[in-house]
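Presented below is the structure to which this report refers.
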Amino acid sequence: MVGISIIFLILSILLSATAEASQCSAIGLPLVRKINELPQDNYGREGLSHITVAGSLMHGMKEVEVWLQTFSPGSHTPIHRHSCEEVFVVLKGSGTLYLASSSHEKHPGKPQEYPIVSNSIFHIPVNDVHQVWNTNENEDLQMLVIISRPPVKVFIYEDWHMPHTASKLKFPYYWDEQCLQTPPKDEL
């Protein structure tokens, strides 16, 4: 009788582990999802469409986070930096990356300009101040963004000459705030 109980217990554990493995977050999202069915928002930033494809708070990711961001013509990110690496894959459109690789100086200073186009990639090193603009007047700029060490802590600058020590910490960042305020699944 004890042998049957142990077998039943092991089967129960395996079945529950399989059920948990088919979900990728604490809120019960399925492992395979359609991007067009994921929540998207602009978080009060005109011209932005942000979708967290796989995130730390929403999906339980620990080492990376993946976003799909679309910027309408003329829209841009704030001037900012963060203590994580960031990789961009440009899916469509074109724009300009502004990058100041001067984290060792007192302020970012004049950034270098890099044209970005569809089917290109670029990365942002840890703590380098940067900004992405959709400078194309006729087409959206759409990028897949991958960051390390989520959730991201963002330091925002008013301009390129603002001292690093005066930058404003935004944590949690806009798309993480909602996850932190959402009650656990069993409270819904």
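From the backbone N, Cα and C atoms, a Cβ is placed for every residue, glycine too.
A TrEMBL annotation is a machine prediction, not a hand-curated record.
Here is what TrEMBL says about this protein:
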BINDING   His80, His82, Glu86, His130  Zn(2+) binding site
DISULFID  Cys24-Cys179  disulfide bond
SIGNAL    1-21  signal peptide
Residues near His80 (Zn(2+) binding site) in space but at least six apart in sequence (CB under 8 A): Val129, His130, Gln131, Val154, Phe155, Ile156, Tyr157, Ser167
For His82 (Zn(2+) binding site), nearby residues of its own chain (Cβ under 8 Å, 6 or more apart in sequence): Val126, Asn127, Ile147, Val152, Lys153, Val154, Phe155
Shell list (Zn(2+); ref centroid = CB of His80, His82, Glu86, His130; cutoff 8 A): Thr77, Arg81, Ile124, Asp128, Val129, Val154
Neighbour count (Cβ, 10 Å) for His130 (Zn(2+) binding site): 23
